[in-house]
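The block underneath contains the structure these notes are about, expressed in structure tokens.
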Amino acid sequence: MKALSKLKAEKGIWLVDAPKPEMGHNDLLIKIKKTAICGTDMHIYNWDEWSQKTIPVPMVVGHEYVGEVVDIGQEVRGFNIGDRVSGEGHITCGHCRNCRAGRTHLCRNTSGVGVNREGSFAEYLVIPAFNAFKIPDDISDDLASIFDPFGNAVHTALSFDLVGEDVLITGAGPIGIMAAAVCRHVGARHVVITDVNEYRLELARKMGATRAVNVAQENLKDVMKELGMTEGFDVGLEMSGVPSAFRAMLDTMNHGGKIAMLGIPGGEMAIDWSKVIFKGLVIKGIYGREMFETWYKMASLIQSGLDISPIITHHYKIDDFQKGFDAMGSGQSGKVILSWD
């Protein structure tokens, strides 16, 4: 089968002929229709320090996808040949305390599709049936292929009550932009998103952000005054991993504010902890998606009218995968879809 593999311990990714994956009694074999390129895939492509420590070489990568079930393990129930599915990319152990308590997104033994095991940048993928999610008929393949990052946005945004609240999102990557759309859809008052990438800020405006602020050109506190905000942000969603952005968030949060953090800093990050203490802030770390509450909410949000389609800006056939990675690397894109049909 065709597959994109991290074939060498250097920058790049390679289109190869790989063996079709073998499945077990509890697995599904999925014929991939579309995949999307994630920021994690770009880390792997660029072979940065994290990738060098984490990714086995060679390995098929990728974890954002939609496909069709073409074979079913003999112990599997609830799925049929022809079902259209995406899937949870975090494979959990099932036996740790959190798994047994139903908090599988907090499994201490999580293995990542396309990170620790063979991924979805291939014509076929095998995953445990437990991890598969049936896609409703009224949700397109394009949208289904980005359910993984959309789930990060939904999990982060819905961590706290948003109705009538003022929300600050730091980092206008695709996940931050989708989070802005979610916040507006569920009833937030002002949704302000910050970045320095004007292309992505314009995407955020199209997706419903009240204000998309280029912090290299505008002062966040001036924007708050223009919006008539007299206190501070009630909810903060940190999506950038940039220390200066997080410090700006701490400066502008209201007392008693709540922060959900998805962005991963490049190293240790110093902050003024007295602001956290004296403001009584709550900080929650976010990793992945809640299984499978987030997945059901994703489908319901789209079915209730949330439009995240503008975040998809580029489509390529798999043979043109290099153009897709170049588009992602340029910073002048939203989500990039690769078609395997």
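From the backbone N, Cα and C atoms, a Cβ is placed for every residue, glycine too.
Note that the structure is predicted; figures quoted are calculated from it, not measured.
Cβ neighbour count for GLU64 (Zn(2+) 1 binding site): 30 (other Cβ atoms within 10 Å of its Cβ, all protein chains included). The Zn(2+) 1 binding site annotation in Swiss-Prot covers CYS38, HIS63, GLU64 and is backed by sequence analysis.
Residues or ranges marked as active site, charge relay system by Swiss-Prot on the basis of sequence analysis: THR40 (among others). Here the Cβ of THR40 (active site, charge relay system) has 23 other Cβ atoms within 10 Å, regardless of which shown protein chain they belong to.
According to DSSP, HIS43 (active site, charge relay system) is assigned to a helical segment. In the structure as shown, the Cβ atom of HIS43 (active site, charge relay system) sits within 10 Å of 17 other Cβ atoms. The active site, charge relay system annotation in Swiss-Prot covers HIS43 (among others) and rests on sequence analysis.
Using a 10 Å Cβ-Cβ cutoff, CYS93 (Zn(2+) 2 binding site) registers 14 neighbours. Here Swiss-Prot flags CYS93, CYS96, CYS99, CYS107 as Zn(2+) 2 binding site.
Summarising the environment of ASP195 (NAD(+) binding site), the number of other Cβ atoms within 10 Å of its Cβ, over all protein chains shown, is 26. Per Swiss-Prot, the feature NAD(+) binding site maps to ILE175, ASP195, ARG200, LEU262, GLY263, ILE264, ILE286, TYR287.
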THR40, CYS99, ILE175, ASP195, ARG200, TYR287 screened against HIS63 (Zn(2+) 1 binding site), Cα within 10 Å - retained recorded positions: THR40
Assigned conformation of ILE264 (NAD(+) binding site) - DSSP reduced to three states: coil
DSSP state at CYS107 (Zn(2+) 2 binding site), helix/strand/coil: coil
CYS93 (Zn(2+) 2 binding site) and THR40 (active site, charge relay system), distance between Cα atoms, whole Å: 22
Lowest local Cβ density (other Cβ within 10 Å) among binding-site residues: CYS38, HIS63, LEU262, ILE264: ILE264
Secondary structure at TYR287 (NAD(+) binding site), reduced by DSSP to three states: coil
Nearest of the binding-site residues (CYS38, GLU64, CYS96, CYS99, CYS107) to ASP195 (NAD(+) binding site) - Cα to Cα: CYS38
